[in-house]
Each structure stands twice: as structure tokens, then as C-alpha cells.
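Listed in TrEMBL:
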TRANSMEM  B:12-36  transmembrane segment
TRANSMEM  B:57-80  transmembrane segment
TRANSMEM  B:86-113  transmembrane segment
TRANSMEM  B:125-145  transmembrane segment
TRANSMEM  B:180-203  transmembrane segment
TRANSMEM  B:215-233  transmembrane segment
TRANSMEM  B:315-340  transmembrane segment
TRANSMEM  B:352-373  transmembrane segment
TRANSMEM  B:403-422  transmembrane segment
Amino acid sequence: MLYVVLTFLLVSLLLYVILAGADFGAGIVELFSTKKNQQLTKKTIYRVMGPVWEANHIWIIILVVILWVGFPQFYNILVVFLHIPLTLVLLGITLRGVAFVFRHYDAYKDKSQILYDWMFRIASLLTPIFLGMTAGAMLSGELIITNDYQAYTFKELYITPWFNWFAILVGCFFAGLCAFLTSILLIGESNPDNRAIYVRKSRYTTIAVISIGFLVLSYGFINNVAFITDFIKNPYTIALIGISAILIMPLLQSIKNAKKVLSRTLAGLQVVLILLAAFITHFPVLILGANANINILETVASEKTIQVLGISLIVGGLIILPGLFHLLKSFKMIKVLEQ
Amino acid sequence: MDNLDAARLQMAFTLIFHIVFACIGMVMPFFMIVAHKKWLNTRNKVYLELTKSWQKGVAIFFVVGAVSGTALSFELGLLWPEFMKYAGPIIGMPFSLEGAAFFVEAIALGFYLYGWNKIPEKFHWLTGVIVGISGVTSGILVVSANGWMNAPSGFDYINGEFLNIDPVKAFFNPAWFTQALHMTLAAFTATGFAVAGIHAYQIYKQRQIELHKKAFKIAITFGTVAAILQPLSGDLSAKDIAERQPVKLAAMEAHYNTQKGAPLYIGGIVDEENEKVTYKIEIPKALSFLAFGDFNAEVKGLKDFPDDVKPPVAIVHYAFQVMVGLGTLLLVVGILFFISLKKTALSENNKFWMLFALMAPIGFIALEAGWIVTEVGRQPWIIHNVMKTKDAVTPMPGMIYSFYMYVILYSILTIAVSWLMARQIKLLNQSNLS
């Protein structure tokens, strides 16, 4: 049953990153659009994301629940030492969520739209950066895991772990990934006249993601961040990254030819490969701290709890997944056949 | 202010905020599908207009409820990491099912909001029903987790360790049913009267009377029926608390001296220092009867509990008085509505509508007061008789700033949502329904 729970953990993480990532990316793409394209992007995003975005964000709740129920000590470390970036993530999720709904459900479309638009765009950029910083903090080797809170300063315990160049770069990488996903999604959603805009954006964001990824690796390598030095040594990781690198050429080709299904599949696959590579580098160690590494399997809750959790997840999954698939299909987030 | 008090304030503040939005997001879909059904049956355009207008309300309240709920799911851990470390594995089941129910709600809402003229009519309506049912289910599941904090079960607490964990038993803890019933009825009462009150005010102002009367009738029917059932559920809760949390009951009633045939105090000013209540109305033997169903039963007073397990008495007592008082008021006003169905002269008087308009916030005040009773009344425990709140709080200093941030954020959101609702109503009143 532990493996069922771990699978759900990984799947929710992947789905959250891809689905919510595409949603965060919507705001980022809008932010980096010219004024004319902004309105176009806004309209397209509303049509594509409107019905599904709330469901996309619930994966993070599933993720949190799995962690706190199944891996309570692991979760405890996150909420104690990464309190600040997680609060910033929440702030961002709140602001962009309400801005998105306000701008479409406000009875009158007047000047207040400008406020909603900017709130949505800025929060869409900052939220994934903070999320990425939180993930970066887990792997940065700066996290001090201790019960003796008096022995360290506030800065050492609660700021440095996430506010360092490595974590910031990971944050930017994730934001880039979000924009990359959305640009490719939008290729298939725009009409032929505007398609070129998103083809161009997709190409830029692909290059951006590769460059930031390279920066993360080189920064980590130069500064001896343990996660990175191990990342480039682990054969599985190298294999996954290798596949991802090989697939970049067909991806760029499919973007150029505006192939909807193929480009989406390849983009999604890139995210899966990168995340898997990061996940297995040290698995089951998922936190690389300054003074200790945390093996998630050592923090697992009692057998009975895992059993009940696994059953709840299977039952929940059986109810949710068909509904979700139907929703994504009905509103054409998933294009089953190329048109 | 120390860290513990700041964390407490933040928790209280964010819960008070979330509860309003969660309740409206949970109950309004029911009003919406009734109006929708009437549109399908009668093809009266007014019902369609009403449904679409309510659906916008649902969308706005749902999203604020959803984001503040997401924040809360993190806050439980961020503020009370020690609590979650031990409680998570025990009460995870209702939470993981709640996650699923919430997910279903979001999916169904996606279909509902965007499904007009795109999916078959009946299926579209059905997705609205699913929104309502899954919303109420999530509510019940969350309250069941709260019930566990009042009635911890499904584990053995030995030498500071939580052993033999049984999540199913924890889920069906002794408090879950009474609490879930009381809260569901409260949500229907509060939302029913709030929505009805807003429409009553529009009728009072003579705007779009046909539409607002139809809206009023749907909302007030739900609200009144729930308000009438609520005392029965309250009685169950009281008896349950008398048995399991006698100190909470004593605080609710400001009952200091252990006595047989204990009187019930209505109102009164609590003097915590001298352990006295002045200016109260006393009903002889009523407390014994309400708590134990026996006029001569002994009710243990606060003086006979050790000091370190007593909750703050005055707040709990006042909140309890407010809850019961306002709940009763709504019950009476609700019955007035049923009378007005027979005696139509009543509703022709504009004061009738003003009365209901004034009732709009009352249900929510009662509901929040009820949560203050149950949460403050449980102090100093976070898990009754097992873990104290002060032992659960985050070690990170400076929680007061986090509290300030939430106060600012949620105050702005409250203002924004109220403003958006006012604009919705304005637009509705300008629309031409013929």
C-alpha cells in the first residue's frame, strides 16, 4: 500500500506541476505580451482555462494531505523551516485565484479590470517562483534541521535555506517551465491568424527553460551543491535528461509546424522527465539539508494509516479521474484527435 | 504579544473568514439548482436570469472559499506543526476524502459554469446538483476532523506517544455526527437568511420585485426549515458536550458551583475573577434538564475543575448566549414568513421586507459565535485532554506579522467581494426581464 501512496504522491506532483503550471504560465505569458496580444491571450486563456483551472489547483491540496497524513515528520520539517516561502505561495495563490474570477465575473467591465489583470499577471509570475524556491530550498543543502531553535539565528533557520541563489534559480526555472507549457498549449487554441505569436513564444520559452536549467546546473556545480553534483553523476538521472535533450529537436520541430497534439505531448513529457530525474537522483532522500538528509520513507506513518490513506486515495481517484478527464476533454484541454 | 497568541489570532481570523465563504459556496448551489429546475419546468425567463445571477455569486464565493481553504490546509501545519505531526496520520482520512469531495465539486462546477448551451440540459442541471452535494460532503468531512479534536479517539495515548492508530475510528469519533449536523443546519440557516435578506432589501426598495420575490422565497424556505430543525440538533450537541466536555458546558453556561437541579442562566455579566455572574435571568433546574434530561441531575461547576484545564469563561458564555439568542430570533422571523404565505397582507407591508433585510447578517453572527463556543471552549487543549495548544505552536518567531498580513489580505478581499456583489445586484436590477 505504501507504493500506492507514493505513486499518488508522484502523480499528484506531476499533475500539479503540469496542470497548475500551465495555469500559472497563462499569467506569465499574458505579462510578457504586447498590449495588443494581451487582450487576445486573456480571451484565449479564459476559454481554455476557465472551466478547469480550479480543479487543476486542487492537486496541491491532495499533495499536502498525502504528505501530512502519510509522512508527518517530513511534512513537519517543511512547514516549520519553509514557513515563509510557503506563506508567500499561499498569498500568490489567493491573489491570482481571486483576480482571475473577479475579472470574469465582475458585473461591469470598467477600469477595475486593469487592477485585476495586473494582480493576476504579477501573482502568476511570483507564485511559481516561490514554489520553485521552496523546492530549491529542499535540495539546496542550506536547510538546518534541528530542535534547538535557540542555537541559530532567525536568518539561518528561516531565511537562508530558501533565499539563496540556488533556490532562486530553481524558482525562475519553474516559472520558465510554466510559461513554456502555456505557450505550447496556446498554439492549439489560437486561430490560424494568431498562431504565429504563440509559435514564436513557445520557441522563446523553450530556449529560456534550457538556458535557466543550464544556469541551475552550472551554479550548483561551481558551488558544490550536493544535489547537483549527484544529479550529474546518477546514471538514471543522466539517462532521463539525455532522453529529454534528444526530444528537444522534435519538440522544436512540432512547435514550428504548429502540431497541437504532438507539441503538447512532447512538452508534457519534458516536464515529466525533468521532474523524474530530480526525484530519483536521491530517492528516497528528498531533503538535502545542511546538517541532515531526510529520507521520506523513514518518516512514514503507521501501517494502518497508510492502508486507510491508500484506500481513500484509490476510491477518490476512481471518482475524480474519469470526471476530470471528461472535463478536460469537454472543454478541449486535451485534444484527443488532431483537427 | 507572544507567538502563541498571534498564531491563535491568525487561526481564529482566517477561520472566521473562511467559514463565511465556505458556507455560502456550499449552500448557494442548492438555491441555484432550485431556480434552475424552475426555469427548466416553467421556462419563465425570470428564473433563468436568477439562476445565472446566483451562479456568478457561487463562482465568486467558491473561489474565495477555495483559496482560503487551500491556505487553511497549509496553515494547520504552518501554525501548529506539532499538532499536525501527530494528528495528521490519525485524522487524515476525513481530510483525504474531503480533498476528493472538493475535487468533485471543482470539476462539477467547471461543467456547470461553462456548460450553458454546450452540454445536454439535464446533465448540466445534474452537475449543479453534484456541486451542492459534494460541497456539503466536504463540509461534513472537515467538521468531522474538528470533532476529533473535541472527542479524540482511534488511538491510544501512552507515555506521550500515539499508538494503535485507527483512522476509521478517529473519523467516526463520538462528536462527528452532532457537530456535522449542527454545522450543516447552521450553514443553511445563515446562508438562507443572508441571501433572502439581500433580496428582501431589493423588494423593500421596489426594484425588480418579481425576480427578487422569487429569489427570496427559495432562500428563505431553506433558511427557515433549517432554523426550525436547529434547536433539536442543538439539544443533541448540548447533551453530547455535557457528557464528554463538562468543563466546556460549564463555561458555556458560566456555571461555577457544582449543584443538583442546576439553573440555566440567560445573559448576565461574567466576573471571572470572583467567579460570579451578575444581572442574569435564572431558570430553575433548566440546565440540569437540558444537559442530562433530568431536572435534578448534578452539573459539575467550574470551581471543581483544575485551573489549568479551564477555558476563558466570559468569551465562551457570551458567544453561547449570542448563538442561542440569534438562532431563536431567526426561528421566530422564519415562522413569520410561513405565516405570511397564508396571510398575504403581511408581505404587502414594506416593514415586513425591512425586517428580513435586517436579518441578513444575523445567521452568520450566530454561526461564528457557535464556532467561538466550540473552539475557545476547548482551550487550553488543541486535542481535548491530550495536547495543549501551547505545545503545538510553531517555533518560528514573529507570527504577529503573518497575522497582520492575513488581516490586510482578507479585509481587502471582504471589501472586494461585497463590492462585486453590489455590482451584480445593480446589473440585475437594470436588466430587462420581459
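Backbone N, Cα and C define each Cβ position, glycine as well.
Sequence-distant contacts of the transmembrane segment (B:12-36) (same chain, at least 6 residues past either end, Cβ-Cβ under 8 Å): 47, 50-51, 54-55, 57-58, 61-62, 64-66, 68-69, 71-72, 75, 125, 128-129, 131-132, 135-136, 138-139, 186-188, 190-192, 194-195, 214-215, 218-219, 222, 364, 367-368, 371, 375, 403, 406-407, 410, 413-414, 417. Remote same-chain residues near the transmembrane segment (B:403-422) are listed as 6-7, 9-10, 13-14, 17, 21, 57, 60-61, 64, 68, 198 (criterion: CB distance under 8 Å, separation of at least six residues from the stretch ends). The list of residues near the transmembrane segment (B:86-113) in space but at least 6 beyond its ends in sequence, with Cβ under 8 angstroms from a Cβ of it, reads 55, 58-59, 62, 66, 69, 73, 77, 119, 124, 127-128, 130-131, 134-135, 137-138, 141-142, 144-145, 148-149, 154-155, 162, 165, 167-168, 170-171, 383, 387.
For the transmembrane segment (B:352-373), the partner stretch with the most Cβ pairs below 8 Å, chosen from B:125-145, B:180-203, B:315-340, is B:180-203.
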